[in-house]
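Step one of this worksheet: look at the structure below.
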Amino acid sequence: MPRALWTAWVWAVIILSTEGASDQASSLSCDPTGVCDGHSRSLNSIPSGLTAGVKSLDLSNNDITYVGNRDLQRCVNLKTLRLGANEIHTVEEDSFFHLRNLEYLDLSYNRLSNLSSSWFRSLYVLKFLNLLGNLYKTLGETSLFSHLPNLRTLKVGNSNSFTEIHEKDFTGLTFLEELEISAQNLQIYVPKSLKSIQNISHLILHLKQPILLVDILVDIVSSLDCFELRDTNLHTFHFSEASISEMSTSVKKLIFRNVQFTDESFVEVVKLFNYVSGILEVEFDDCTHDGIGDFRALSLDRIRHLGNVETLTIRKLHIPQFFLFHDLSSIYPLTGRVKRVTIENSKVFLVPCLLSQHLKSLEYLDLSENLMSEETLKNSACKDAWPFLQTLVLRQNRLKSLEKTGELLLTLENLNNLDISKNNFLSMPETCQWPGKMKQLNLSSTRIHSLTQCLPQTLEILDVSNNNLDSFSLILPQLKELYISRNKLKTLPDASFLPVLSVMRISRNIINTFSKEQLDSFQQLKTLEAGGNNFICSCDFLSFTQGQQALGRVLVDWPDDYRCDSPSHVRGQRVQDARLSLSECHRAAVVSAACCALFLLLLLTGVLCHRFHGLWYMKMMWAWLQAKRKPRKAPRRDICYDAFVSYSERDSYWVENLMVQELEHFNPPFKLCLHKRDFIPGKWIIDNIIDSIEKSHKTIFVLSENFVKSEWCKYELDFSHFRLFDENNDAAILILLEPIDKKAIPQRFCKLRKIMNTKTYLEWPVDETQQEGFWLNLRAAIRS
């Protein structure tokens, strides 16, 4: 018994382990190219069953705590491994040993307290390594990255425990495109620790305090292209001129992101610009200036310029004491060499005239997302302001009058590119004044409803997208590029108004079609973007778009953005894939063919009706319908005649002199209905026939060659035949007055022919001795 329990327990463990492995393997989704996605699946270990077919593995944002030597040993072709945002605290020495093709490794935001160089000793082709956000204090006891000659992006450090950088830490690295060091609590920086890296394209340094900043700058200033400082309080920053003044520098760009300045520390930064002579571009992003802008007592007057800085960018500048801020007149002299200035989303409402006049080299000015209005723009664009300015961006400010804006900018004689988009102009006056060299104008998202001659005739590029325009009828002889997407245009502009247009973007309007002739009329058009419209996929439109192989070279968004809106059965389909039926595309031909077919059908029907007596059948149907309105059989008391006699006029002698004598003078006499004497004069013949038949007990047909040929007999039979033989009774008595060929009976009397073939009829005997028997049989038939 104990042995049986032990066996059952072992099998249960095996089954549960297998199910667990199967569940983990199923939590991965892999595509045919070997890209496996397992992020955010609540995994607590690396799934088993991974093979050499896996080339990219994403296990980020899980609960993995451990990476073992065998977890990834079969993934020999793995190129990308993402293990970020887990709970990994242990990585065995040979965990990545078999990943010789690995190019991207992310171990960020785990719980690694120690780093080992043995992890990376076989990763010769590794290009990207992210170790941010772990718990380590240093980068290990030995050189961590000496086996990574192809590494181009490296991210190390954390915001709390990483406190030391030593000289050995970056040994073996000669060139990095990007190096990010998160060292908010850095306490020890050994000089020359970063100097071993011969070239760094972009260094991102997170520091809380600037105590060690100058020491780091000394090591990198000769090997760095772009230096980015983040999350730093520079209130106590002091720049030592002696530390850098005698060194050659390669830094071309400085970026300050989420950095705090005071008036004093800002002056120290300006000194840095002056001494690091290679700096061409400076950017302040989401920074805070804790001062009032009073630099007069801070020896700023001894600095004549901002070094070689040509581009200055300021985004989201916060000034807590904004309403106490000085006029910045002390920094005006420093701006003479600056060529490009961007001050975005920083509550700028005025550029003082004097500052504008000092910006003598300025070619590009971007004041987007600020508070500029026509009143303040008048002061900013004063006489002699920005004398070489070519591009002015006033996007999303508080401008309201297009006419006044153009007039205020007349002082800018060299202005050729103006962006005043996202201002609420609403309307456009008939005439405006603009600087004489204007070539580019951006009026997108300004809520204008129509375009007028206000626009300068010198324009080469015009952007009026995202407005309420329903037409474009301006003559702009020099316009080369037109951006008019997201409006309400129903058709392409007239090409004669835009003779040199080469680029047109007119997507997301309400255009429903365009033709080859329209496109050909734009003789210089090279690029057209017209997707996102409600196209009517007519036969002509589909024939044009699907038949032009070169159309894709002109339509940049072809074919995915071109969808049918109608007809309904192709709605939503790509224009390239839509198909219409023959009847939709050749309606005239189909209608003509249908008319011809109908004519032939009518002609054939007429021939058949004539051949098979169709008119007779219709007349019979009409007579029958009329008769149907009356009782199918007259009440017994309405029977007035013993028999109705249908006969040919040429057989009247036999009927009137023999039959009448034998029947009406018999005792008791029979009462016969003869059309000559008993039809009511003036009554419609149809009613006479129908009434006579209905009031007669029997109907006697006197058949002969004359009967078959007689038009009168045919006429009687035309209107009596249907009712007599539709009732399936024995009311008809056939008398064959003379032998006739059954084939001579018309085909339309099919039931009469059938009766003659299936029922007995009376034949008039030539022998007088047999005639008495004939009359006896006839009287008996009438009485039956």
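Residue numbers in this text run from 1 along the chain shown.
Glycine residues also receive a Cβ, built from the backbone N, Cα and C atoms like all the rest.
Feature annotation (Swiss-Prot): of 131-148, 401-418, 689-706, 761-778, the stretch labelled motif 'ATG16L1-binding motif' is 761-778. Within its own chain, the repeat 'LRR 13' (362-388) is flanked in space by residues 335, 338-353, 356, 394-401, 404-405, 408-409, 411-414, 419, which lie at least six positions past its ends and keep a Cβ under 8 Å from the stretch. Secondary structure from DSSP puts Cys353 (disulfide bond) in a helix. Residue counts for the repeat 'LRR 9' (251-278) by DSSP state, with H, G and I taken as helix and E and B as strand, are 13 helix, 9 strand, 6 coil. Sequence-distant contacts of Cys30 (disulfide bond), defined as residues of its own chain at least six apart whose C-beta falls under 8 angstroms from its C-beta, comprise Cys36, Asp37, Gly53, Val54.
Residue counts for the repeat 'LRR 15' (415-437) under DSSP (helix as H, G, I; strand as E, B; rest coil) come to 0 helix, 3 strand, 20 coil. Residues within less than 8 Å, Cβ to Cβ, of Cys353 (disulfide bond) and separated from it by at least 6 positions along the same chain comprise Asn379, Ser380, Cys382, Ala385. Highest Cβ count within 10 Å among the disulfide-bonded residues Cys36, Cys382, Cys432, Cys454: Cys36.
Ranked by number of Cβ pairs under 8 Å to the repeat 'LRR 7' (200-223), the listed stretches 78-101, 251-278, 309-337, 389-414 are led by 251-278. Sorting each residue of the domain 'LRRCT' (525-579) by its DSSP state yields 16 helix, 11 strand, 28 coil.
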